[in-house]
Each structure stands twice: as structure tokens, then as C-alpha cells.
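Right, one structure below, let's go through it.
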Amino acid sequence: MTTAMRLLCLLQLVCLVGCSDSRRREWAHHGAPMFADLTVREIKAVRAYLHGIPELDLTDARSKTLQKNSILLIELHLPKKHEALRALDRGQAKPQRQARVVIQFGKRTKPSITEYIVGPLPSPSSHVVKTFKGDRPIRFESRPITAAEYEHMHDILVKITTKAHKLLFETTGGFSFTDCSDRCLTFSDIAPRGLGPGERRTWIMLQKSVEGYFIHPVGFEVLVNHQDLDPEKWTVEKVWYNSKYFDSVEELVEKYESGDVERVKLPEHNDDDLYSTYIPRGHSNTPTNIHGPKLVEPQGPRYQVDHNFVEYSGWSFAYRVRSTAGLQVFDLRFNGERIAYEISLQEAIAFYAGDTPAAMQTKYIDAGWAMGSSTYELAPGIDCPEIATFVDLYHYFDTDKPVLHKNALCIFEMTTAMPLRRHFNSNFKGGYNFYGGLENTVLVLRTTSTVYNYDYIWDFLFYQNGVMEVKVSATGYIHATFFTPNGLHYGTKVYNYVLGNLHTHLIHYKVDLDIAGRENSFESLDLKFVNFTNPWSPSHFIVQSKLHKTEHKTERSAAFRFGKKFPRYVHFYNPNEKNKWGQQKGYRIQFNSHAHSVLPRGWREENGISWSRYPLAVTRHRESEATSSSIYTQNDPWEPVVSFEDYIRNNEDIVNQDLVAWVTVGFLHVPHSEDIPNTATPGNAVGFFLRPFNFFDEDPSLASRSTVIVRPGQDGKPKVQRWTPEVIGHCVTNKPFFYNGTYAGV
């Protein structure tokens, strides 16, 4: 072959690769809108369509009556994976957009909940019933609590506190629930709402209505049965005050008046000494007239955002924020190759312990509070850097029109102030042969959920070397109850009459990996000691570690239990695709977690969170196994609509299949005095990494032109080699880059 022919073939090959990359990027961009959250127009069209169907007999969700048919939720219904892939991988037409709708039928003789799939959008004309795996029915009592129900809860608390007005006024230092001016009481309600399926009984605790009221319990808790849709039939079943239980408010008041109940006297309230406020107090050693470091983008952002499609340093993905569960990314690619079809937050729980009835009942399962729709505004310079791209979100949950959450998601690139890699190559003579380094910048996709007292900061981070990190940071106020001496078994005294209750946070994610295609397998890697005769000194032995691989062929084999030994490496790979060195292309999941199980297996409420048995479980992809939890689990964890254990019970084959990893991370939180006024993020971040494992032929960040190499020149002066211009300016530094590299005694 002549040189000219070889050059022509090479040019054709380069063109094919370039055209292929361009086409893949075009298809990824083309498919991203499939995963975009519903627009305001789409939401309003769905609502209007359903309200126009006479037999549904729908009325406004915010009307005060509970005996009504109303829409609870409207959110995107995801397309089937195989249909979406036709658009993403072949550029074919996208499947029609659809909405998932939850309707409460409280006006029927037998109240019920039904889910519908409504479409096509933006002009819906049909609806079908959406069912759950095994056609499990949804109990009406398992529905999330709504604003209308809270109104009635407030009304019954007015009646309760009016009866106990004197007790509350005297023991709280002049606070009351009504006619209270600036000394009001408020309340927190506890879930699950009962002790078994079909119940709707809620423990409610009173607190002082001040900034940070979550840590101002007053020692009065009441159990309200609100199962009936006629609030006039609601009843008080128990009252707890100062470690004693009473069958009614009247009984407590009578014993309080007669002196048969030991009275609690809370310290006088002083606004100037409000321990739950953010107002600074104490001595600060930081200069107040000088700002701290700030992120800058000297020439503007290096990432692109087009609606819900994001590109950065080889990465591309689509995102959405599901109103029920929260942040999700789809069609995650690096250099055009798909790594994952879906990485999504599924559930967050906080299970507590305590001495008061409210504390011992608290088992929060946050999708039941629509944690995905509690995405409130992010503050520039605090929640996200000022340079971030801020995005508005829209939710439709327990409302009659879409709700705008301004600047509720942010995207930004940041430096980690840690090199991605570096090396100082010493010449061992007081100098060096070379220094090489690459700055570590990362793209962050962030949103938050404030589920009453707790704030979760949800991060997806994308590194230049093909690594993705999934992270949650916990902050906000602790869930505190009234201090009793016995409470010290279940937490820490953090203020007068305040017990910070111990609890475990668990977070669950779905990771639908597609490593070089959908046909993937899964193995774990560990080390075993081997002992053999030293070949170059036969009278001695060598003891060293040897790699031990275990291929997991079934779902049950790949479900790792908490309390059991967890493998050092968990590795997902494509048996049919190899890198340049003959290694099967793969990614591994690396945990950053201190999670453990929260209840014994099969113990009542644990049935609703059976995913929490496993730090990692691997299943075959099934459309009927789309989520690991539901909005109904919180109020019926005993017989849940979605049972994760069912996903692995059939023990399907997972060799060379489309696999989904279900990941549980978390930590134990024993509150302490430094949680006042509220919990700080350092040490309270957990998550996992997706790390390439022979997926590439070498580190893909070699493509970065931010590398700096320094070599000593012939004249002894450092010679700096760089591929991007040096930034000099008052925003960063007014000093040029300098590196000497010598070292000597002094």
C-alpha cells in the first residue's frame, strides 16, 4: 500500500470516528427532553384534562373538606428503557411524553387511591390505570398527609390546647396555642401514623414557635386518631406529659390541678438568648472586614446547559428532579460512551429512638413527604458559588396549580484545591528531573431537600478522569424531644429539657449501569493470603495476598447483607467488550458510608424498607421494578405497595444481562451539644463513587490541557510547559506562576 493510500485510509477512519462521535452527541441531545420534568403547560393540560372527565368528579385539592376527589400529584412518567434507547442510540423518534397522576377518591363510599398514566403530552387525550408489581392495592390510609388535613389537625389542637391552656401557659413561661401574639406554640407530627396497616393515628408534640422550633419541645404530646374523613369524629387516644401517660386531656388537667402530676417549669423565654437562632454569638477570630476565598471563572463557564441537557469535559447527561424522590440523571456518557442509563435518588429515611412516645414512634420515610418537591431556593455564595448556573423547578404536589421553586437547582464547576494527580521527580541531589501536575476541577449538579427539620444537600459530581461521585450532606435541625432522665439511653441532653435523639440516616439510590452496552455481568474482588516456598531461597516461605474473584450469577448471590463481610471491590463489566490490553471493560462502585440496618429483618416497619437490608443488591432491569419505594410507604410500611425484597425473591440470572445496582449509604447520628443551633455538614456526608476499572486504555484525563510540567533548563532556570494560557489578574492572583523545585539544608 502506498503512503498516499495509507493516508487516505487514515483520513477516512478519522472521519468515521469524528462523524460517529458527532452523531452520538446529537442523539444524546435529541433524547434528553424525554427525561425533562413536566413543563407548566404540560401540568396545566393534564389537570384540565382530568378535571374535564365527569365520572372522576374532581374538585380542588386545597378545599378544606376531606370527603372529596382531588389530584395529589402530577409528575413525569418515564418512558420504557428500550423505547428511550431507540431515540438515544439510533436517533429515532422519541416516545410520547406522559404524566403520572395520583388521585385521591375521598368522596366514594369506599375511599381509594388510584394512579393514572396520562398522555400524550402536551395535549392529553387518554388515561390508563397505573399498577404496581403484583397488582398491590393502595390503602387510602397510606396516603401522604395534605394541607387540608393539616388544617383540621390544627383545629383539633385548638380544642386540645384550650382545655390544657392553664397547664401549658404556666409551664412554658406564657406560651399558648391560640391568642398568643409573639409567644405561640406550634407542633410537629410523627410518622408512621399508627402501629399497623389501615390505621391513621398520629403522635403530635407541641413546641415553642420560635426560630428553630424543632429543638424547643415543651413536654406535651398527644395521640390523635384522624382516620375518619369527618374531622368531627376525630378523637384523642392518649396524652403524654412529664413521662406519664393519660387517657384524655381532661384526665391530665384534673390531675395537674389536684397536684397529682409533677409540674414542669421551663426556663423563662428570652429572645436575646435564643439558642436555636443563626444569629452569631461568642468571640470570632476571623476578620470581619475581609471576604474569604471565592470561585471565579476567568473566561466564563466551561460547561454547557441546554434545558436539561448538560455537557462538560467529555461528560454528557440529562437530569430531572422528581417531585416525590428528587434528583436523577439519565443517559450518562463519557466521551460519547454510555456508562449508566439512570442514576437516581430513591428514598431517604431517618429512624429514631427515644423515651417519649413521639420519639419512639419516629420513623421518617421521606418520599412519603414528597421530599423531591421540597427543593427550596439556593443562596448564591452559600448553597452554591455565585458563578453557578441556577435553575428554577416546578412541582405539582398537594396544590391546584404548578408551584415555582426559584433557583432550586444549581450547576457549577469548582476546583477541589487538590491535584487530580502530581509527581515531584527528585534527582536526589538537591534538585529534580521534572515536576508534573494537573489541577482537579469537577462539575457539580446540586439540589436540596428540606423535609421539615432536616436539610439534605444532594450532589452529583463529575470528574475529568471518568469518575462520578454521588454524595449527600446532611444539615438542618436535629429532631429533639423533651428531656427525661431515661432519655439518656437514646441520645444526648443538648439544652435545658432538650434531648437530641439518636437516629440512623439511610439513603437509597438506583444505579442502572450500561457498561459498553446493556449486556453486563457482576463480580466481587477480595484478597486471600497464599503461602508458598520462596523460589530463590527454598528454606523460606513467601506469604502474600492473591486476588480472589467471585462471579455472582444470581440476584440472591449479589444481595449483600448488612452485618456480613462486604467485598473490597464490587465490579460491573461487559464480558463481550475489552480494552486495548484485553481487560473486560468495567466500572466499580466504591462506598463512602457508615450505614447499618435500622431494624431486625422482617420486624413490622422494616418490611417497608427491605432495601435497607443491603448496602448493595444487583437485579435484572425490569420496567415493573422502576423504584424501590413509594409515597405510600411512610404511612403503611407494614404492608407496602412497593416491596423491594420482591425484586430479588425470584433470584434471576444476572450473567450478561441488563443490570441495576441498588445502593444504600448512610450514617448513625448521636446528637451532641455542637448540633446546637443545628447540624453542620463536615463529617455528615456519605455516598459512593463510580470509578472506571479497565473501561479506558489509560487515564482519560490525559486529554486535559490544564497539565503543567516543569523541567530544569540548561541554564538552571525552570522551564514551564503548559497548554493553556496562564491566568493572571486580580480575581485570582497578581503573581505569575513560579516553581523552583530545589531543596537544600538551611
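Every residue, even glycine, has its Cβ placed from backbone N, Cα and C.
Annotations in TrEMBL come from automatic prediction, not curation.
According to TrEMBL, the feature active site, proton acceptor maps to ASP366. Annotation source TrEMBL lists active site, schiff-base intermediate with substrate at TYR454. Taken from TrEMBL, the feature domain 'Copper amine oxidase N2-terminal' applies to 42-126. Sequence annotations record features per position, and here TrEMBL assigns domain 'Copper amine oxidase N3-terminal' to 143-242. The domain 'Copper amine oxidase catalytic' annotation in TrEMBL covers 294-702.
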Hey, which of the active-site residues ASP366, TYR454 is the loneliest by Cβ count within 10 Å? TYR454
How many whole Å apart are the CA atoms of the residue listed as 'active site, schiff-base intermediate with substrate' and the residue listed as 'active site, proton acceptor'? 10
If I take every residue in the domain 'Copper amine oxidase N2-terminal' (42-126) and average their pLDDT values, what number comes out? 97
Checked against DSSP, the composition of the domain 'Copper amine oxidase N3-terminal' (143-242) is 31 helix, 31 strand, 38 coil
